[in-house]
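Student: Can you read through this structure? Questions will come right after.
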Amino acid sequence: MSMFLDTAKVSVQAGRGGDGMVAFRREKYVPNGGPWGGDGGKGGSVIFKVDEGLRTLIDFRYNRKFKAKSGEKGMTKGMHGRGSEDLIISVPQGTTVRDAETGKVLTDLVEHGQEFVVAKGGRGGRGNIRFATPRNPAPEIAENGEPGEERQLELELKILADVGLVGFPSVGKSTLLSVVSSAKPKIGAYHFTTIVPNLGMVRTKSGESFAMADLPGLIKGASQGVGLGTQFLRHIERTRVILHVIDMSAAEGRDPYEDYVAINKELEAYNLRLMERPQIIVANKMDMPEAKEQLQRFKEQLAAQYDDFEELPIIFPISSLAHQGLDSLLEATAELLAKTDDFLLYDEADLAEDEAYYGFAAEEKAFEISRADDAAWVLSGEKLERLFVMTNLERDESIMKFARQLRGMGVDEALRERGAKDGDIVRIGKFEFEFVD
């Protein structure tokens with residue numbers, strides 16, 4: 001049996017774009033041969049793709065770093081470098097992807113074949129053929145490739161099941177799943193026999209089918225992490241119907257009604273929306289002594305909490321071991337599923353905007369100026385830094401082009417307003433140059 005893993009942290013890095021090339025044609029009567037350097041190729045993106053054959057995130061336990069290949073450099077004769085292929089990473093259905101730094105949900109992957117770009121590849125740098133003008137017919141300018149996006153991600157698997165079984169340990173959830181489906185969960189006469197979620201397909205006598213999940217037993221304080229706690233509570237979030245299994249034999253000395261109230265409090269504390277899901281009470285172990293008496297007492301206690309009799313939850317007395325009452329329970333569950341819509345885990349406000357990593361937002365601040373301890377002026381800002389990394393510092397014309405870009409952004413004027421004088425050191429990252437007023 002493969003190990004079950006439902007959380008993982010990974011780092012992804014898209015490929016860098018290939019550098020543009022400075023090259024010239026070797027033809028008579030063409031100044032300097034004419035520009036002939038091609039563009040660099042696009043860097044590969046990192047893409048998550050849903051594979052319905054996967055059931056766990058175990059593949060990410062030892063392989064946590066994923067890096068796509070960079071694009072090829074531009075070539076002579078105006079030929080572009082080859083773009084790199086995207087890196088496709090398979091994930092199971094029900095995988096939620098978060099940005100580890102911001103905690104923002106990037107996507108919720110639930111459909112087989114669904115894809116999402118988690119790190120976008122960098123654009124290839126332009127070759128010098130792109131910079132030819134009537135005033136400069138033979139430019140010695142080419143751009144470096146754009147860096148690929150790099151991210152730290154948190155993956156969380158919430159299994160896809162129509163029906164979730166909840167209840168205290170040893171109330172018979174695993175036994176119930178084993179007799180109504182082909183699932184083979186571990187069953188034992190001790191607490192927390194089930195330590196991972198088990199999923200089984202159920203088929204009713206009328207031909208309806210649905211997926212049922214047996215979740216590890218809950219105890220008081222589970223929503224705060226007591227016992228197996230929130231480690232597996234997440235898996236009930238995708239279910240549409242909850243089967244609340246209760247041991248009506250009270251064989252372990254617990255009160256069935258107190259168990260019912262305690263579990264519902266844990267569900268509500270973990271996620272208020274869990275209580276919006278329709279719930280069927282499964283009174284299990286009815287073949288045991290005193291179970292009928294306990295059930296009658298349970299019904300009376302439950303009814304006392306409701307003013308409207310029609311709002312009372314449905315109760316189905318069963319015995320998983322004796323195979324009693326199962327058909328009617330499954331038929332009622334199928335009927336309830338048929339009239340219950342899916343519950344949306346994340347709305348548009350929860351999901352991070354899917355925007356190009358290097359796209360300039362209208363409100364994006366172009367640059368910032370600060371003063372270092374050594375009195376150097378330090379320039380920073382996403383837009384400015386992107387322009388810098390794409391500047392080929394080995395070419396004088398490229399450096400001059402970058403200087404013009406800084407001037408156009410208002411950097412020179414801003415430095416003067418801050419008090420910069422001729423000869424002052426200006427720093428971008430580790431690169432330094434003198435301010436010329």
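The backbone N, Cα and C atoms fix where each Cβ goes, and this holds for glycine too.
As the structure is a computational prediction, the values presented were derived from the model and not from experiment.
According to Swiss-Prot, the protein carries these features:
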BINDING   167-174, 192-196, 214-217, 284-287, 319-321  GTP binding site
BINDING   S174, T194  Mg(2+) binding site
DOMAIN    2-160  domain 'Obg'
DOMAIN    161-338  domain 'OBG-type G'
DOMAIN    359-437  domain 'OCT'
Student: Using Cα coordinates, what distance in whole Å links K285 (GTP binding site) and S174 (Mg(2+) binding site)?
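Tutor: Cα of K285 (GTP binding site) to Cα of S174 (Mg(2+) binding site) measures 13 Å after rounding.
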Student: Specify the secondary structure state of S319 (GTP binding site) as given by DSSP, simplified to three classes.
Tutor: strand
Student: What number of additional C-beta atoms lies within 10 angstroms of the C-beta atom of S170 (GTP binding site)?
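Tutor: 21, counting other Cβ atoms within 10 Å of S170 (GTP binding site).
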Student: In angstrom units, rounded to an integer, how far apart are the Cα atoms of S174 (Mg(2+) binding site) and G167 (GTP binding site)?
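Tutor: Cα of S174 (Mg(2+) binding site) to Cα of G167 (GTP binding site) measures 11 Å after rounding.
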Student: If H, G and I count as helix, E and B as strand, and all else as coil, what does DSSP give for S174 (Mg(2+) binding site)?
Tutor: helix
Student: So among the binding-site residues S174, S319, who's got the most Cβ atoms within 10 Å?
Tutor: S174
Student: Under a three-state reading of DSSP, tell me whether K285 (GTP binding site) is helix, strand or coil.
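Tutor: The three-state answer is coil.
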Student: Fewest other C-beta atoms within 10 angstroms of its own C-beta: which of the binding-site residues K173, K285 fits that?
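Tutor: Lowest Cβ count within 10 Å among the binding-site residues (K173, K285) is K285.
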